[in-house]
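Working notes for the structure below.
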C-alpha cells in the first residue's frame, strides 16, 4: 500500500510545475499588458495549448495507453515532427487573425507556440519509460526560466512572451532528453489508430464546447469578456492541475503498473479521486470568488465585473466537468473509447445550444452564462450513468 501511494508523486509534482509554467505568463501579461494586447496574447496561448492537447490526444496518450498491450509503445520522432509543424502553422495563423501581426512575426510566434508540443512528446516518452522524476525535473527548469528570468523583464508584447515560453520549453526538453530512450522499436500508428481516432474526436468535441466560442466571441469584439474568462481559467489553474495530475497518474499507472490491470482497482481509484477533487474544486472556487468580491481586486487588463463573471462560470464548469471527467479517463483506460466520445458529443450539443440560445436572448454575456451553465450541468448528467453501466459490466466480466 505504501509503495502504491508513492507512485503518483513525481507526476503530481510535475503537473503542479507544468501548470505553474502555463499560468505565470497569463498572470504576468494580465498585469503588464493593455487589454487589447492581453486579449491577443490570451488567444495565442489558447491556440498553443490546443496544439499541445490535440497532439496529446492524437498521439501521445493513445500510445501510452497502448502500453497496456505492448510495454515498448513509444511515439517515434517523425510523428512528433509532423504534429509540431502543423501546430506552428495553426498558432501562426491565429496570431495573424487575432492580433493582426505581420507574417514574419506570426511565423516566429508559430514556432514558439509549437515548441511546447515537442516538449510534451519528450515528457510522454519519459512517462512511458518510467522516468517520472525526469519529467518533474524538466518542468522545474521550465517554470524557473519563465518566472525568475525572462517574463518579468521582457517587453509587454505577445511576441516577447511567446518567445520566452518557447525557449523555456526547449531548454526543459534538453534536460529531460538524455534520460529517456531514443532508439525504440517501430510501432506504426495503425497499432493504436482506433483508440487515437476516438480520443482525437473527443478532444475536438471538447474544444468545440469551450474554446471555439471564445474564438468566435473574440472575433465579434467581446475583448473584455474574453480577458475575464481567460484570466479566470488561469486563476483556477491549481484546480485544473489537480484534475490533470490525477488523470495523468490514472492513465500512466493503468498503462504501466500491474496493480491496476484489474478493472475493479482502476474503477475504485477513479471514484476516490472524483469525490476528493469535487470537494476540493468547490472549496477553491468559493474561496477565489470571495477574495475578488470582498477585496475588489482586478488587474489592469481585466475589469472586475468580467473577472467575477468568469470565475463563476468557469468555476462551475471546472467543478462538474472535472468531477465527471475523471470517470471518462477511467473509461479510456478500460478501452471504452467510443462511449466516452459519444458522451462528449452529447455535452457539446448541449453546450452549443446554450451558447446559441444565450446569444439570441442577451448577446455576449448571456451566451457565456448559458453556454458554460449547460456545459456544467450536462457533463455529470451524461457521464455518470454511462460510467456506472460500464463499471458494472467490467467488474462482472472480470475473472
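Every residue, even glycine, has its Cβ placed from backbone N, Cα and C.
Sequence annotations record features per position, and here TrEMBL assigns transmembrane segment to 12-31 (among others).
Distant neighbours of the transmembrane segment (37-59): 22, 25-26, 29-30, 75, 79-80, 83-84, 86-87, 90-91, 94-95, 98-99, 109, 113-114, 116-117, 120-121, 124, 156-158, 161-162, 165, 189, 196, 199-200, 202-204, 207, 211, 214-215, 218, 223, 226-227, 230-231, 301-302; these residues of the same chain sit at least 6 beyond its ends, with a Cβ under 8 Å from one of its Cβ atoms. Residues or ranges marked as transmembrane segment in TrEMBL: 37-59 (among others).
Residues or ranges marked as transmembrane segment in TrEMBL: 79-96 (among others).
As annotated by TrEMBL, transmembrane segment applies to 102-122 (among others). Taking Cβ pairs closer than 8 Å, the transmembrane segment (102-122) reaches residues 44-45, 47-49, 51-52, 55-56, 59-60, 75, 77, 80, 83-85, 87-93, 95-96, 138, 142, 158-159, 162-163, 165-167, 169-170, 172-173, 176-177, 180 in its own chain, all 6 or more past its ends.
According to TrEMBL, the transmembrane segment annotation covers 134-155 (among others).
Residues annotated as transmembrane segment in TrEMBL: 201-219 (among others).
Taken from TrEMBL, the feature transmembrane segment covers 231-252 (among others).
Marked as transmembrane segment by TrEMBL: 273-295 (among others).
Residues annotated as transmembrane segment in TrEMBL: 307-330 (among others).
The transmembrane segment annotation in TrEMBL covers 342-362 (among others).
What TrEMBL records for 368-391 (among others) is transmembrane segment.
Distant neighbours of the transmembrane segment (273-295): 235-236, 238-239, 242-243, 246, 250, 304, 307-308, 311-312, 315-316, 318-319, 322-324, 326-327; these residues of the same chain sit at least 6 beyond its ends, with a Cβ under 8 Å from one of its Cβ atoms.
Of the candidate ranges 12-31, 79-96, 231-252, 368-391, 368-391 contributes the most Cβ pairs within a distance under 8 Å of the transmembrane segment (307-330). Sequence-distant neighbours of the transmembrane segment (79-96) (same chain, 6+ residues past either end, Cβ-Cβ under 8 Å): 40, 43-44, 47-48, 50-52, 54-55, 58-59, 103, 105-107, 109-115, 117-118, 121, 158, 189.
If you look at the transmembrane segment (231-252), the same-chain residues 6 or more away from its ends with a CB under 8 A from one of its CBs are 7-8, 11-12, 14-16, 18-20, 22-23, 26-27, 30, 42, 61, 64-65, 127, 132, 266, 269-270, 273, 277, 280-281, 284-285, 288, 299, 301-302, 307, 310-311, 313-315, 318, 322, 325-326, 329-330, 332-333.
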